[in-house]
Amino acid sequence: MKIMIIQGPNVNMLGVREVGIYGAMKMEEIHEQMKLAASQNNVELDFFQSNFEGEIVDKIQECLGTVDGIIINAAGYTHTSVAIRDAIAAVALPTIEVHISNVYRREEFRQKSLIAPVCSGTIVGFGPFGYHLALMGIIQICEQIKNLRAMQQAQQTNK
């Protein structure tokens, strides 16, 4: 199983930027923790970070046929990007949206996600641990899909 982790604008500044909101852990440290959990679950991870909307859209499109699922923190683009929303919908892969802070306790404009309706799930407010929760969730979803396909294949074979 292969999962793409996509980090949006300013996520590369974790540990420096607004530590009171996002905590002191750097993006690279989050990725290292995810790699450890992934290795324990026989999962391969790829990581991508960009501050540019078009690059994020390109990366989502590249996921089609190459990964089993996506974990995305679209950061500020969560609230503004129809293009990212449409890319997620187009590839139709299991996708989990992650936010380190609880966006529902913050400014009103942060409380509306354009991408949530096309994601399998959303995890907010658990700090960096939210990425671990997202990883466990995407593994579960991908396993369910794999098992469903195997059952369908077996039914077709038995006809």
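Note that Cβ sites are derived from N, Cα and C of the backbone, with glycine treated the same way.
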*Hey, Swiss-Prot has substrate bound by N73, H79, D86, I100, S101. Any idea which of R110, R149 it lists too?*
R110
*Taking each of R17, Y22, H99 in turn, which of these recorded positions have a Cα lying within 10 angstroms of the Cα of N73 (substrate binding site)?*
H99
_Distant-in-sequence Cβ neighbours of I100 (substrate binding site), under 8 Å, six or more positions away_ = L14, I21, Y22, G23, N73, G125, F126, G127, P128, G130
*asked:* If you pair up every Cα among N73, H79, D86, I100, S101, R110, the residues annotated as binding substrate, what's the maximum separation in angstrom, rounded to an integer?
replied: 24
*Identify which of the recorded positions R17, H79, H99 has its Cβ surrounded by the largest number of other Cβ atoms within 10 Å, counting every protein chain shown.*
H99
